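Student: If you look up TrEMBL, you'll see 9-27, 33-61, 111-132, 167-184, 219-239, 268-291, 297-322, 378-398 marked as transmembrane segment.
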Amino acid sequence: MLGAVFGKVIELSGFAASIVALAIRYLGKQRTIVATVIVCAILTYGGVSTFVVAFAVYPFAAELFRQSNIPKRLMPAVIALGAFTFSTDSLPGTPQILNIIPTSFFGTTSWAAPVLGLVGTCFTFLVGVSYLNWRRKRLALAGEGYGDPETLLNEPAQTDREHLTSAWIAILPLVVVGVANFALTRSIPVWFGDVYSISQSVFTGLRATVEAPVKPVTAIWAVEGALLLGIVVTVVLAFSKVVAGVRDGSRTAAAGAMLATMNTASEYGFGSVIAALPGFVAVSGALKIISDPLLNAAITVTTLAGITGSASGGVSIALGAIAKTLVENAERAGISMEALHRVVSMAGGGMDTLPHNGAVITLLAVTGLTHRQAYADIFGITLIKTTAVLVVIAFYYATGLV
């Protein structure tokens, strides 16, 4: 819920547009692809949902692509690289759900395996940008440009940059979320200890003291607290703009949060059903042939993510069904839980972006393109991101660094 609300207030305040304009101003149209990828990553890493990022970035990206005469059909892949890959599951501390789900299964935090996360980020970013620039040059040699705005669908109007908030003010809530997430991750175990207790005197209806272990929920509490602070800072800095659209905006945010909640719940239910089927048992048995715990986890998670068309779905189903086995195998092999967390998180963001993925469908709808026009390059990014998981696993075994 807080993630959806934060994304909405960032949108209502105009801060998202200001941040995009800042990146464009400093990087320029000569670096259109890099500028678009970086601004998508900044917004996503700051806690803005991928759906909001697509809507916020598209008008500015379209303007840049027109000025640079880069084919519009490359735009979804560029946005996907920045918003759907390393910023959601590789960068240490990212508050996106894909990086949070493993924490409750492995007792880790959102900052798990920072070295592996940065290795995966660098590989995905550098190879992804290189691939997109190579595609741009190939299409330019073939004589293909942006396209005729008169015939292209869903072309945005020219963006008004005169009334944008200062980008340095706009980026402050994102900084607050990142810093608060880090600080709370360190502070919560100190404040509450190993076990949090609620005595009978607090709530009269309690018949006994309620106790809960703190470690499995530290990352969740930290992210929720950070997002709450980000919302407060955004509202304070852009009170009039947020209040003006709060009624419709909060309704949309709540609907988005409920959709995400129901999707996650249905994915857990779907996972329980799948885990009970003979086919799943057969597949699980076949995967046991892969004795390496990290490879086993990566292949299982990315396969389920591809089947469900959802990164969080793949991670939820896999961990709900075989988390205990993964942990036991990793412990026997002397593999860090942080390394397992990072591999599982990144694998979830691998083959999830197949044609039936909700984020892919939304992105194509926003940009006014079809699967036939633009999906091939999105799939190229999907393959690069999936390969990044193997690179991270190889790096871990070669160096032992997490």
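Every residue gets a Cβ built from N, Cα and C, even glycine.
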Student: Do the transmembrane segment (9-27) and the transmembrane segment (167-184) share at least 3 Cβ pairs closer than 8 Å, excluding pairs fewer than 6 residues apart in sequence?
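Tutor: These two segments touch.
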Student: Go through the chain and flag residues at least 6 beyond the ends of the transmembrane segment (378-398) whose CB is under 8 A from any CB in it; none is fine as an answer.
Tutor: 76-77, 80-81, 84-86, 90, 116, 119-120, 123-124, 127-128, 131-132, 135, 294-295, 298, 302, 339, 342-343, 346-347, 349-351, 353-354, 360, 363
Student: So, taking each listed stretch (33-61, 167-184, 297-322) in turn and counting its Cβ pairs to the transmembrane segment (111-132) that are under 8 angstroms, which one gives the highest count?
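Tutor: Highest pair count goes to 33-61.
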